[in-house]
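Participant: Please see the structure below; I have some questions.
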Amino acid sequence: MAKKKEFRQAEVNIGMVGHVDHGKTTLTKALTGIWTDTHSEELRRGITIKIGFADAEIRKCPHCGKYSTSPVCPYCGHETEFERRVSFIDAPGHEALMTTMLAGASLMDGAVLVIAANEGVMPQTREHLMALQIVGNRNIVIALNKIELVDREKVMERYQEIKEFVKGTVAENAPIIPISALHGANVDVLLAAIEEFIPTPKRDPNKPPKMLVLRSFDVNKPGTPPEKLVGGVIGGSIVQGKLRVGDEIEIRPGVPYEEHGRIKYEPITTEITSLQAGGRFVEEAYPGGLVGVGTKLDPFLTKGDLMAGNVVGKPGQLPPVWDELTLEVHLLERVVGTEEELRVEPIKRREVLLLNVGTARTMGLVTGLGKDTVELKLQIPVCAEVGDRVAISRQVGSRWRLIGYGFIRE
C-alpha cells in the first residue's frame, strides 16, 4: 500500500489544446481522473466552453521505469515515486471560443497539442498552434489521439502529415506520441514526454506577487442568512511571487463606475481570507495550477466571472493600467482558423480589433498607424507591463480570427 504523501501544489501549468472533439477532455480525464466539462451547457453540448483545470501527480515506477499518475504502478504493481504535481488546463477547441483559449494560453508553461488520428490537422489545430506561437510557448508535446479508430498505415501517414504541419513553428521539434485516451494506451509514454519536454519554469518566489484572474464567483447559496455570507472568490493562476492568507491585495484595473456618462475603472483593495490550490485550503500559494482566493469583497462584484481579466498583487506593486496602447505589431501572412486561405490585410485606421492581454480581452479602436506600430483606444482598460505580448484578432465573417501579435511599447 502506498504511503500517504503530504499535499503539494501543482508547479507547472500544461495546456490541452487542439481542434474541437479531438479528445482533449477525455485525455485530461485519462491523466487526472477528472472530467473537466462540468458546466451544465458543456455536458449538454459535449464541448468545453469554460477553461477547466485538473491536477495530477506524475509518478515513476522504480521497478519497471514507466510513468503513471497512480501511487501503485498499473504495469507491474510496485509502489511508484513522486516526480511532480502538474495542472492540466483544458482549453476549448471550438472556433467560437478562441478568445477563451487565448486567455488560457497566457497561463500555460507548456502544452499538449491533441490531434485525432481519424481527422488529422484541422482549422482549430492550426489556430491553437498559432496561439501557442503568439504567446511564445515552446514547450510542446503532440498527442496523436484516437489511434483505435484507424489502422497502422493511417497512423504513419498522420505522423508524416503532422511533421510537415509543424515545420518552421514552435512545435517543430515536439515529440509526436500515438495514444488512445479512451483506452489509456501509451499514456505512460506521453507522461515520459511531458517530463522531458515540459520542464517546470525557474521562478523567483521573492518577486512581487502577480496573479492573472480567469474567473470569479459568488459562492453563497440563495437564501443564505446575512451573518453567514462569505466574500467574493477570485480564481486564476499566480505567474510570479506568492500569496498568503491575510495579505492585503490590490485588483487592477478593478471595478467599473460611471462618471459624466463615461465608464471608468477604479482599482480595489481587499484582504485574502482563504486560499485554495488543487482543491485544498492552503496558507500560502505559488505559481502553478488554479488558485482560488477568498476575499472580503462584496460577492456582487465577483459573481459570474465579472473579475476575469484583472490582475492581483500587493498594493502599489502592480503594472500600470492602460486606456490606450501603442503596440509594435507583427502580422501573420494568413488568417488562422478559416477553411479557405485568406491573406491578412494591413490594419486600418478606425478599425476595431480584439486584443488579448494575459487573461484580459478588450476591444481596441485604431487611432494611429506607424511603420510597425499601431495606436489603439481601449474599450476596457488593461493592467500590463511594457513589453507584454498582446494577441490581435480581427472580425472575419461572423468570427474573431487571429491575425497577429504585438508588444506593448511606452
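Glycine is no exception: its Cβ is also placed from the backbone N, Cα and C atoms.
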Participant: I'm validating the feature mapping. Which of 6-10, 26-30, 46-50, 156-160 is tagged region 'G2' in Swiss-Prot?
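Facilitator: Spelled out, Swiss-Prot records region 'G2' over residues 46-50, not the other listed ranges.
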Participant: What range among 82-85, 90-93, 358-361, 386-389 does Swiss-Prot record as region 'G3'?
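Facilitator: So the range that Swiss-Prot calls region 'G3' is 90-93.
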Participant: Identify the region 'G1' range according to Swiss-Prot, selecting from 18-25, 218-225.
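Facilitator: That would be 18-25, per the region 'G1' entry in Swiss-Prot.
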Participant: Of the residue ranges 145-148, 257-260, 277-280, 393-396, which one carries the region 'G4' annotation in Swiss-Prot?
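Facilitator: Checking Swiss-Prot against the ranges 145-148, 257-260, 277-280, 393-396, the region 'G4' one is 145-148.
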Participant: At the Cα level, what's the spacing in Å between Cys61 (Zn(2+) binding site) and Asp21 (GTP binding site), rounded?
Facilitator: 32
Participant: Find the one among the binding-site residues Cys64, Cys73, Cys76 whose C-alpha lies closest to that of Leu182 (GTP binding site).
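Facilitator: Minimum Cα distance from Leu182 (GTP binding site) across Cys64, Cys73, Cys76 lands on Cys73.
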Participant: DSSP secondary structure for Ile147 (GTP binding site), reduced to helix/strand/coil, please.
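Facilitator: Going by the DSSP assignment, Ile147 (GTP binding site) falls within a helical segment, counted as helix.
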Participant: What parts of the chain pack near the region 'G4' (145-148), using Cβ distances under 8 Å and only residues at least 6 beyond its ends?
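Facilitator: Contacts with the region 'G4' (145-148): 22-23, 26-27, 114-118, 155, 178-183, 185-186.
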Participant: Please identify, among the binding-site residues Cys64, Cys73, Cys76, the one with the smallest Cα-Cα distance to Asp21 (GTP binding site).
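Facilitator: Ranked by Cα distance from Asp21 (GTP binding site), first place goes to Cys73.
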Participant: If you count, for each of the binding-site residues Cys61, Cys73, Cys76, Leu182, the other Cβ atoms lying within 10 Å of its Cβ, which residue has the minimum?
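Facilitator: Cys76, out of the binding-site residues Cys61, Cys73, Cys76, Leu182, has the fewest neighbouring Cβ atoms within 10 Å.
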Participant: Which site among Cys64, Ile147 has the most other CB atoms no more than 10 Å from its CB, taking these as binding-site residues?
Facilitator: Ile147
